[in-house]
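What follows is a short report on a single structure.
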Amino acid sequence: MATLAAHKKHKVTIVGSGNWGTTMAKLVAENTKAHPTLYELNVQMWVFEEEVTIPKNSRHYDPGSELANKPQKLSELINNLHENVKYLPNITLPPNVIANPSIVDACKDSTILIFVLPHQFIARVCDQLKGHIVPYARAISCTKGVDVSEKGIRLLSESIGVRLNIYCGALSGANIASEIALEKYSETTVAYDPPPMDSRNPTPKGSPTSSTVDLISPSKANPSARSARLQALPSDYPPLSHENVRKLFHRPYFHVRMVSDVAGVSLGGALKNIIALAAGFVDGLGWGDNAKAAVMRVGILEMVAFGKAFFADSVHTSTFTEESCGVADVVTSCMGGRNFRCAKMSIERGVSIDEIEQSELNGQKLQGTSTAYEVNSFLKSQGMEDDFPLFTAVYNILEGKVKPEQIPDLIERKD
Ligand SMILES: NC(=O)c1ccc[n+]([C@@H]2O[C@H](COP(=O)([O-])OP(=O)(O)OC[C@H]3O[C@@H](n4cnc5c(N)ncnc54)[C@H](O)[C@@H]3O)[C@@H](O)[C@H]2O)c1
Ligand SMILES: O=P(O)(O)OC[C@H](O)CO
């Protein structure tokens, strides 16, 4: 019997256009061009619209132009210059990256949605998207953070999945965007564990087209786990197997390892930002590399303990220790990430980290500060602050309740 070949291609949208969002658009657009049988060439990139003046040090600044020093729409600048002059300056984007200020239009008919927004904006953007995406779309979250509410703590992959009623995987790793944009070698971890119905291609005649799938696994973190009716990917699309998803992200300079542990990948990316703040605090005191290594060691232990305590059914400890999204991300973030750098500057200058974020990041957002608050509020609700002394110390430093100089005593094991 002749099998029906997949003849449609996946349309891909990048939801976000900051430093990492724009880098992600660049590398994904290189891959849609490299794999024309799987993916549509053009990659939509949703831009949170703002007016931007081309910086005077930009290669695109022309003092003789009538547009010099005039604010212009960021999405139009990106499409005209093939560069995001605000969030990823001096990097040329492939012409198949299409900046789009309409979230609904950017995601229309897309079967793959790649979320790369600061985590505080995820809920609002998902709300705007509800009812405007194809029901069999699949998502990957590249955002680092968690979603804490009175109901408990949710991974962002879960949050996106539940809000949009679609399956969502995660991408995270030791990935400082500016290095990857310059095509310097780096690795990442992509967790994608699609429901079995997605790997069936073509769909056998008479088989169901939708299935009930747990979008959130029941755990201590989520006592009210939720199931949803997930729609199968139609068989005229190429299956989103590990092999095909890998082809969307892997580049000669960006090596991808595929895993199935979505919870571990999501959690590693979120918690490492709290550890990076601690590393910045001790470095800001001029304490050097030994001190940084000490907070990294304790931080990694707390990351593993957090996974075991609240996501025991889903997280594999080996994801933290063996994959780029765990220890490797802690290391790179504590050496050169924005959370580390801003925490360090805040100590050196004696001002709050929020002020440093405002004055130094030109609109880029820190994820560590809000994650430290969110994780603390969750730990408090569980009566477990004392079990995570480094995470608790970072929160108390941000609150001005303890001083960074107290970190060694605060994180010392009490046994
Ligand atoms: N930059 C990196 O090196 C890097 C690497 C890996 C992961 N990440 C993660 O990726 C996520 C996105 O970070 P980024 O670096 O792309 O962003 P960014 O911090 O560079 O930029 C902030 C973005 O937020 C957008 N924004 C501002 N207000 C908004 C609103 N009200 N609604 C929606 N969007 C709004 C801005 O337009 C901009 O695109 C974060 O979770 C971050 O931790 C970043
Ligand atoms: O610059 P940060 O601190 O947001 O970290 C960037 C990446 O997450 C590092 O992997």
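Glycine is no exception: its Cβ is also placed from the backbone N, Cα and C atoms.
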- Note on the structure: In TrEMBL, NAD(+) binding by G16, S17, G18, N19, W20, G21, F48, F121, A177, K365, Q367 extends, among R138, R154, R338, R341, to R338
- Note on the structure: substrate binding in TrEMBL involves R338, N339; of K130, K144, K151, the partner in that site is K144
- Query: Got a sec? Which of K272, R338, N339, the recorded positions, have CB under 6 Å of any ligand 2 atom?
  - Reply: R338, N339
- Message: Can you tell me which of these recorded positions sit near ligand 1, meaning the Cβ is under 6 Å from at least one of its atoms: K144, K272, R338, N339?
- Response: K144
- Note on the structure: Taking all protein chains shown into account, the Cβ-based neighbour count within 10 Å for N339 (substrate binding site) is 27
- Lowest local Cβ density (other Cβ within 10 Å) among recorded positions: K144, K272, R338: R338
- For the domain 'Glycerol-3-phosphate dehydrogenase NAD-dependent N-terminal' (11-193), mean pLDDT (0 to 100): 97
- Rounded to the nearest Å, what's the C-alpha distance separating K272 (active site, proton acceptor) and K144 (substrate binding site)? Just drop the number here, would you? 9
